[in-house]
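> There's a structure below that I have some questions on.
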Amino acid sequence: MESSFSFGVTLAVLASLIIAVNALVAVAVLLLIHKNDGVGLCFTLNLAVADTLLGVAISGLVTDQLSSPPRPTQKTLCSLRMAFVTSSAAASVLTVMLIAFDRYLAIKQPLRYFQIMNGLMAGSCIAGLWFVSYLIGFLPLGIPIFQQTTYQGPCSFFAVFHPRFVLTLSCVGFFPALLLFVFFYCDMLKIASTHSQQIRKMEQAGAMAGAYRPPRTPGDFKAVRTVAVLIGSFTLSWTPFLITGIVQVACQKCSLYLVLERYLWLLGVGNSLLNPLIYAYWQKEVRQQLYQMALGVKKGLASFLLLLSARDGSPEGPRESSCAITTISHSQLDGE
């Protein structure tokens, strides 16, 4: 009982953080899209939306874990919940793959990128991504071999889905996607190194001609760095869960469900919390937009405090106190 309650508390905290952080990044990216109208930012927004939906989906499991005594959920309802969780997780993983392909295409075909990846193509990719994600998530509901023959609450992934479903996802989806990730990264690194060498040669030629400019870091390496961090986060989060699920299929006598559901599954879900943190830290434009949003909130709070002090102060006091608050707040904002 205590283990179930602690798991429920952990799940509740994780779901709250995933929803809050991804919603904040989604608002920042939405404002950036309104300013810049960038196609690549649409994929980043889709990643934040998918991770937010995953947080909402797992929050429905919290009540089952925190109820005392544990409240059993009907198998049909539990299957639908886990289907939505799986669909959102699949959408998140596929969006990371789409972002990697988008950066790869921008580096591989820089002159034709905006012709290939236009608004229609980006919308089609996102629509197809969600169709495939829900197809993956609801696949066990239509295939009996992917379902557990017996069901005992509380609701969890392996309470309704058989480890054969994890084996199929690993062989058909995860490991091929991981190989494709590695291919994208290696080719992007090769192209970025070639561009860096070309820039150095141009700078050396300019220095010899007397028009030397200080060296700069190619933007290609920033894209390679972001993709590398996303791939590493994706791999470290989901690989233990999928490999242990394969071991559970191969070893029927092994009882690994507790480790899979209480620890490794949470590790994979935690990837949805890492994704927005990666973009908030590594992407300069997202970081600047979040900073501007923080400044806007700071100015709003300062104005609100000024209004309260003006209403609660004496007839002679408000002007002096408000002037003092105004001077402090503006000096702080200018110092930023």
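Cβ from N, Cα, C; glycine included.
TrEMBL annotations: computationally assigned, not manually curated.
Straight from TrEMBL, here's the annotation block:
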- 6-33: transmembrane segment (TRANSMEM)
- 21-279: domain 'G-protein coupled receptors family 1 profile' (DOMAIN)
- 40-62: transmembrane segment (TRANSMEM)
- 82-101: transmembrane segment (TRANSMEM)
- 122-145: transmembrane segment (TRANSMEM)
- 165-186: transmembrane segment (TRANSMEM)
- 223-243: transmembrane segment (TRANSMEM)
- 263-282: transmembrane segment (TRANSMEM)
> Quick check for me: are there 3+ Cβ pairs below 8 Å between the transmembrane segment (122-145) and the transmembrane segment (6-33), leaving out pairs under 6 residues apart?
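Output no: the transmembrane segment (122-145) is apart from the transmembrane segment (6-33).
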> When you scan the chain for residues with a C-beta under 8 Å from the transmembrane segment (6-33), skipping those not six or more beyond its ends, what do you find?
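Residues packing against the transmembrane segment (6-33) from afar: 41-42, 44-45, 48-49, 51-52, 54-56, 58-59, 61-62, 64-66, 262, 266, 269-270, 272-273, 275-277, 279-280, 285-286, 289-290, 293.
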> State the mean pLDDT for the domain 'G-protein coupled receptors family 1 profile' (21-279).
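The predicted confidence over the domain 'G-protein coupled receptors family 1 profile' (21-279), as a mean pLDDT, is 84.
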